[in-house]
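Novice: What follows is a single structure, and I will ask about it in a moment.
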C-alpha cells in the first residue's frame, strides 16, 4: 500500500509491518529494500477505557477497509448491548455465553485474517482459544461447557487429534450446543475428510465445488437471524456443499448459476445439537456477520442437557392455510408485473371471489414484491399473473424459498399466454421441476381419473371443460390435475371436433400441482380465464367460495362501427353452479371411463350452449324490435337445443305474454321455476300469465313471492293490487316461502343426448346387460337402452332403478336396472335423506287403483312427466314463420358468432350492424326486458357421439383467424407461434418454403 508510516510504535500495537522482502516501490526508480522495518502503516492500541487506531493508507485499499471494520468491531467489546445493565446496577445472574475457538493449526497470519471475527465474538461472549490438543480437551471437559465451538482450521482432522475430534462429535450430540466450521477450515480440509466428518455428525451434507459464485440468503432456516446478514454478496471464493436440504441452507448461489449447492448451512444432529458451516475462504464483513449468526442462533442455546427439545430447534412454521369453511380470511398476494390493462376485466370472477373470501394484496413491481415477501406473516398463497416476474432472479428466489417453507405459488392468469414457450423449461428448472412446454391448442380436458393431487378437492372443481391452453410435458401422473382423455380432440370453432388427441399428447396436462419442500407450486395453462379455471385457482389458493361469490362474467363479445368509430359489444354470463361431487379417498373403479364420457358430454354441451346463445341473442334482438312471435320461436329453439334453461324459459314467457298466449306463458314460466324456484322474473311473468287466465289466487301468490324476495319492486306491488281488485279483494292466506321460492330444485336440467344409444328403444324391455355389466351391442341391441320413467341415467350411461333409490325395490339382482348410485351425481335427491324419505312416503301412500304395483307405476310416470318438458304447453303449436328454420352455426339474422382470442382475452364475437345495435338499445319495464344471464353448469347427463357439420368456408376462417385458415393456425401453433404474433406470416412462409 501507499501510506504514511509511524515510528516508535510498540510491537503489540503494530497491525501491519514491512518484512525483509518488502521493497519501496516506485513508478520511476527501481525498487529499493525497506530500511526501517520498525515502522508501521497501521496501529491499534488500548487507551484508557477505549481504543485508538491509525491507518496511513492514502488509497483506501480493500484490505484497509476490512481493517477499519475490524477496529470498529473490536471497540464494541467494552460496550454492553442495549438494555443490559452494569453489574453494579443490574442482576448479577446475567451471564454472557461462552465460545471455544479451536485453532489447532494456529498461525500468526490466520490471527490477522480472523481479527474481525474474533473481535465480534468477544463483543458477544466470553471467548477461549485452544491451539493445542491439551487445551482443546480441557475446553471439552470444563464446566459449564461452552455454548458454541468455532473450528477455524483443519487441525481437528489430524491423526494426533483424533481424541479431540471424538470429543467434538460427542459434544455435537448435546441438545442446545453449537459447532461452527468457518474461517480457514474450508481452505485446508481434505474433501474426503470433510465428507467423513459430516457422516459422523449424522448430516447429509457433502463437499461440493471449490469456485466463485454470487450468493444470496434463503431465509429458510428458522434459527438464523437473517436480518443481520448481507442479503446478497458477489463472487466469494468458497468450498460449496452438496446435498444440503433447503431448510438447512443459509446462503445459496443466485439463480443465474442454476446450482443446487450451498455456501453456508445450519442444521442439527439426530440428538439436537446444531452444526454450522461457512465455506467462504476469505475474510470479509459478510463472513463476520455469518459466523456470528451461526454461533448465536436466534433461540438461546441451552446450558444443560435437560433443555426441552422444542426450545432449541423449533419446527419451521409454514404460512397458515386458512380454514376451508371458517376462521380468519387467508391472505392472497397477486404479483402483477407489467399488469395488463384488461386484467381486472378478464379476472373479474376471480377478484370477486377473492375479495369476498380472502384478504387480497397486489404488487406491481420488484421492490414492492420483495418487501412483502420479506414481511411476516407470509401470505397463504401467491398468484403470478404475468411472466415479467421471471426476469427478476431475486423475486423468483424468494418465491421458491416461500414455497419450500410451506407456501403455495400459482402460475396462472396471463402467464402462459405471454411467456415464450421455450422459456417455460428454464423457469421450472429453477423450481427443480422437469416441466416443459407442450402443445398450445383448444381441447376438452377432464379431471385426472386417478384422483386429483392432494390437498386439492375434486368436489370443488368442474369434472371437464373446454380450454385453450398451453399444455405441459414431463409432468408426473400424480401431479396432473386436468388432462385430455382418449375422447378429446383438437377443437375448432364452436368445439367442432378436429384431429383426435393421441399418443404422447395424452400425457400432457393443462393444469398441474406439485409439492416443493413443505409447500406447493401450481400451473394453469388456460389463457382465457374460463370459469372452470378460476375455480381451480381458488382451490389451489385454499379459498372456499359460496354460490354467487364469483358473480357474473362480462365479456367483450364483439365490435360494431358507429360514426366511423369501432365500438365494443359486451355480454354478461352468470355464474354457473358447481356440480355437486364427493371427495373420494380413492378413485372409483371405472373413473377413467367416467372421465372419457365427461369429456364427450362437456364438448358437445359447449357446442350446444354456444349455438343456443346465438339463438337467444337473435331472440333478444327481435324482442326489442317488437317482434314477439319471432323472438318466441328463437327462445324455444334455444331450449330445444340446450334444454329449458330458466333464462330461455323466462324470456320465452315474456314474449308469449306480449302475444297474449297466457297458457303457454304460464307453462314456460313454471318450467323455469321448476329448475330455479328463486327466479324473480319467471315468477312475476307466471303471475301475469295466471292473471291473464283469470287464475287470480295463483297470480296473487306469485306476486307475493316476488315481493318477499324484492320488497322494492313497484311493478309487482301494482300487479298485486290490480289482481286483488279483480278478485274482489279475496286472497288466501300467504303461502309458506319454504314451499315456494326457498326450496332447492329436485332435479337438475339435463340436455338430451343426441347419441343413438340414448334414444335406442329396442323392444321396450330394459337391457339388463347395459345396466349391470355393460352391453357391447350399442344401438344394435335388441333391448332398450334409453332411460324411462323407472330409472335415472348415471355417468356411465346406465339406468339406475328409481324404486331402489327410494328404498322399495324387492327384485334385488333380478331387477333390469342398476342398483348402484356410485356414478350418479352426488348432488341428487338420492343423497338427501329428507327428500328421499318424502319420495318414499309419496310412493307408499299413492293410491289410485288400489293395486300397489299399478299405483307405483302411475306415480313414477307422473314424476317422469314432471321432468319431460317436451310435453309442456310451450312446446306445442307454431309461434311464427321462423319455427321451421333449421338451426345452424354461423351467420344468422345479422349476428356472426365466433370464439377467438386476442391480446389474451377470450371472446364470443358477434358482428352486428349499427341498426341492429340500435334495436338492442331500447328500454322496457322492470320485469319485461329480455334476460342476458348465463346458466348453470354443463349438464351431467348428455352424451355424445361424432357429429358432422358443414365447415365454415375459407373466407370466414381467415376472417376469424387473423387472416389464416384453421389448418394454417394449427401449423403455426405446432411451432409455438400464435396467429396474432408479428412474425406469424414470416414463419408460415418459411414453413411452406421448406
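Every residue gets a Cβ built from N, Cα and C, even glycine.
Just lifted these from TrEMBL, have a look:
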- 303-312: compositional bias 'Polar residues' (COMPBIAS)
- 925-957: compositional bias 'Acidic residues' (COMPBIAS)
- 761-788: domain 'C3H1-type' (DOMAIN)
- 795-822: domain 'C3H1-type' (DOMAIN)
- 303-326: region 'Disordered' (REGION)
- 921-963: region 'Disordered' (REGION)
- 680-713: repeat 'TPR' (REPEAT)
- 761-788: zinc finger (ZN_FING)
- 795-822: zinc finger (ZN_FING)
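Help me picture where these features are in the structure shown.
Specialist: Panel annotation: around the domain 'C3H1-type' (761-788), residues 797-800, 816-818, 864 of the same chain, lying at least six beyond its termini, place a Cβ under 8 Å from a Cβ of the stretch.
Across the repeat 'TPR' (680-713), the DSSP tally of helix, strand and coil residues reads 27 helix, 0 strand, 7 coil.
Averaged across the zinc finger (761-788), pLDDT for the predicted model comes to 84.
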Novice: Go ahead and report the DSSP secondary structure tallies for the zinc finger (795-822): helix first, then strand, then coil.
Specialist: 7 helix, 4 strand, 17 coil
Novice: Work out, from DSSP, the number of helix, strand and coil residues along the domain 'C3H1-type' (761-788).
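Specialist: Helix (H, G, I), strand (E, B), coil: 8 helix, 2 strand, 18 coil.
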